[in-house]
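In Swiss-Prot this protein carries:
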- 5-69: domain 'J' (DOMAIN)
- 145-227: zinc finger (ZN_FING)
- 158-165: repeat 'CXXCXGXG motif' (REPEAT)
- C158, C161, C215, C218: Zn(2+) 1 binding site (BINDING)
- 175-182: repeat 'CXXCXGXG motif' (REPEAT)
- C175, C178, C201, C204: Zn(2+) 2 binding site (BINDING)
- 201-208: repeat 'CXXCXGXG motif' (REPEAT)
- 215-222: repeat 'CXXCXGXG motif' (REPEAT)
Amino acid sequence: MAQRDYYDVLGVDKNASESEISKAYRKLAKKYHPDLNHEPGAEEKYKEVNEAYEVLHDKQKRAQYDQFGQAGVNGQGGFGGQGFGGFGGQGGYSSQGFGDFGDIFGDIFGSAFGGGRSRVDPTAPQKGQDLDYTMTIDFMDAIKGKKTDITYTRSEVCPTCDGSGAEKGTHPITCDKCHGSGVMTVTRQTPLGVIQQQTTCDKCGGRGTIIEHPCQTCHGQGTVDKKQTLQVTVPAGIDNGQQIRLSGQGEAGKNGGPYGDLYIVFRVKPSKEFRRNGTTIYTEAPISFAQAALGDKIRVNTVHGPVDLTIPAGTQPNTNFKLRGQGVPKINGTGNGDQEVTVKVVIPKKINDKQKEALVDYVKAGGGNISPQEKNFFERLKDKLNGE
């Protein structure tokens, strides 16, 4: 059976950001994990989700997959149909080598994986969540770059309680149920045997502390939502779906941790005149039959302004010309890409008697020295001249 597209497996767009991919994976991994879902096909679906995430969350593998499809990642990973065993590392799922897989499964199962990583101290400083912002820009703004202001909403440290969540003059107290750990250990019987699972403390909600007198401004959250206005520099040469990171412009951290980052994802409007592929610009230029036959110098629009293009005598329809350095600026390099111009020979719909006579004489003078392509052209020209 043919493998499904990895983006379809996770239910995300091909231009999805890393955070969107991780969010989709977390949701599906929890939904289809064999210990949580005993429906037929859940395990196979779970393997498929893991395989898709393994490729798409890795920038190098994702780039190979985007360029070559399944052939670009064959033999580079996947889960190989391994079973799930238990969680003690005896043939079961292992998070080694998969980056934030362990964090994701920690969200689903706590520390149920035997020998897994210890849970983060809930009272330790934690970086805030990253945010995504989609910016739609015009085609030429993507080529030349610009500065523009954006306004978005993010959480900021509460100015009243300085992020503690407690009313001024009071402090959060250690939770007496979990003793500040934020988790409770629960023993349960499963088809795999008896396992101990750490779950979020139901008294403090995993914070490790309890706020007896909540701050009236943030209602005990430690953060408040505020609108933020930033000036964003759009890099010259940015392409549709690409993103930039603004450090420290995301959500507020916890327990004095740093702010998260803001990712600006660009959506570029198409142009009516130009088409783009990477750093190359494509456009068309109409020329007359006489210009194609005799040669000429024409003005061609580029993304940097009009330039002269020399048309050699005998130019054939749909001939491509390259204008070096007239393409898109290279973001991670110097200079510009190129522009490719395709000339379109335009046959006039109406001509006067003198023009008609001259063209008929030209056709007659050509004799049998007409290539099949030229013959095709002249047959269409005769039809035009004869009013057919």
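Positions of Cβ are set from backbone N, Cα and C atoms, glycine also.
Keep in mind that this is a model prediction, so the values were computed, not measured.
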Between the binding-site residues C178, C201, C204, which lies closest to C215 (Zn(2+) 1 binding site), Cα to Cα?
C204
Just name the winner among C161, C178, C201, C215 (the binding-site residues) by count of other CB atoms within 10 A of its CB.
C161
Local confidence of the repeat 'CXXCXGXG motif' (201-208) - pLDDT mean:
85
Validating a neighbour-count step here. Other CB atoms within 10 A of the CB of C158 (Zn(2+) 1 binding site): how many?
20
Top stretch among 175-182, 201-208, 215-222 for CB pairs under 8 A with the repeat 'CXXCXGXG motif' (158-165)?
215-222
Run through the Cβ atoms and count how many others sit within 10 Å of the one on C175 (Zn(2+) 2 binding site).
20
Mind checking which residues of the chain, 6+ beyond the ends of the repeat 'CXXCXGXG motif' (215-222), have their Cβ under 8 Å from one of its Cβ atoms?
157-161, 163-168, 252, 254
List the helix, strand and coil residue totals of the domain 'J' (5-69) as derived from DSSP.
46 helix, 0 strand, 19 coil
What residues in the same chain, six or more past the boundaries of the repeat 'CXXCXGXG motif' (201-208), come closer than 8 Å to it by Cβ-Cβ distance?
121-123, 172, 174-178, 180-184
If one looks at the chain holding C218 (Zn(2+) 1 binding site), which residues at least 6 apart in sequence have a CB under 8 angstroms from its CB?
C158, T160, C161, G165, V224
Kindly report the helix/strand/coil residue split of the repeat 'CXXCXGXG motif' (201-208) according to DSSP, in that order.
0 helix, 0 strand, 8 coil
Other CB atoms within 10 A, centred on C204 (Zn(2+) 2 binding site):
23
Could you count the residues of the zinc finger (145-227) that DSSP puts in helix, in strand and in coil?
0 helix, 39 strand, 44 coil
